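Notes follow once the structure below has been shown.
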């Protein structure tokens, strides 16, 4: 057996071999999920674990490790070897524009390129998992695991004066993932926004990681204050245990397909290994116990389809043998539409901003919410029909799609909901204040599917941004709230003008149904590259029709 050991930072990894190699567990994808699982499994020295990663180590890559001192320094990864370079298909509801779709190609996955934001979801969102039939998947049972992997660093007195807020009870101190506040936090902005938020009726949220997100806050980041250095998935969960002899990582290795045990049969297929390619050498890596798929939101559905699990209408024309016709693979993709507004300021700001406001549907639509909720509920069947019409045939029944939409609408569109619907991200840079806005929980649905039998080719990515009009309304309502912020003291005391969209583009008194907002949103929209939900797990009947 040919072994190639490469010194990468603190670790050795395995190169490609021609002969099959066998491990207890084979993990496909070296992102945060895969590396955390590998860390935990390999803690037992009697268990052998292999991790297969398409990218390289980024341990000493400055485009990864560097913690930006200004928002203008973010995005150093773009166009480099750690950027997959994906693009969406033309977006039908956003002026047919093709949009960049970011994903990290390195050991650590997209944690090597993301904004390092560390925030837990709203408690009611986590509890909704259990309400859908997933027993024990609720905030109270999962919170101990959230904090177990966290190594929170208490901010200095100087940082606290600059604007950090926290509650020790919401954080873990002993975990591998370093969490703290940027030492470059923008000074002089937190108090301005806190007072303005409170004047508008939005609370200051000292600790957004305790299951209650609503209001204005300063968020912590996944970074080690020493340096400072980005705390990505590899630096947190792999490199500290890389010397374990039972833990092996295959870098620059693409998984082509999952190999199925010939003794198993549909629908209870068992994976026995994977076929991989590295340096143009194709080889097999076998698993005696399990193959674990953690290839990320984009590669996971594509790999399932290349392995024969998916919709017949997708696989058969490509000549891919179907081993289990689960029609929902690759469908049910929601992603967050993003727009940005720009204002000029009489005050000059320096540093890195980590300031955000989370608003519920009640905050957004106020007295209009009951009527809007009734409108949304009355259109559930029409929404479901629109979604299904853009899927490949036989993906999902109308009734099941209606159920999925109803669950989400129940969670969001009611006057007592605490679940944030939009995020307003505040970025003071020099003499400008950039306000980015996005719908956190859009109802529109897209898909990710393979469009060739070549497993090395990128899949077809279609988030279908703004497919349903309610998502455009949420974007517009968020923009209206941003204008209200800028017109409210003390923030208004330093605002000298609006650059984008500008009053010539969207009149000052335009409401959230105004076509001027709709036009601007569609022309300037970008994706957030936060896809999820298309290899979904459901219980009961929903699992039979729509689960993976």
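Glycine too: its Cβ is placed from the backbone N, Cα and C atoms.
The feature signal peptide is assigned by TrEMBL to 1-18.
The domain 'Glucose-methanol-choline oxidoreductase N-terminal' feature in TrEMBL is assigned to 104-127 (among others). With a threshold of 8 Å between CB atoms, the same-chain residues lying at least 6 positions outside the domain 'Glucose-methanol-choline oxidoreductase N-terminal' (104-127) that come near it are 29-32, 34-35, 53-59, 61, 64, 67, 74, 77, 81-84, 137-139, 142, 146, 179, 208-214, 219-223, 230-235, 238, 249, 251, 296, 354, 411, 417-420, 529.
The domain 'Glucose-methanol-choline oxidoreductase N-terminal' annotation in TrEMBL covers 296-310 (among others). Summarising model confidence by region, the domain 'Glucose-methanol-choline oxidoreductase N-terminal' (296-310) averages a pLDDT of 97.
Secondary structure by DSSP for the domain 'Glucose-methanol-choline oxidoreductase N-terminal' (104-127): 9 helix, 3 strand, 12 coil.
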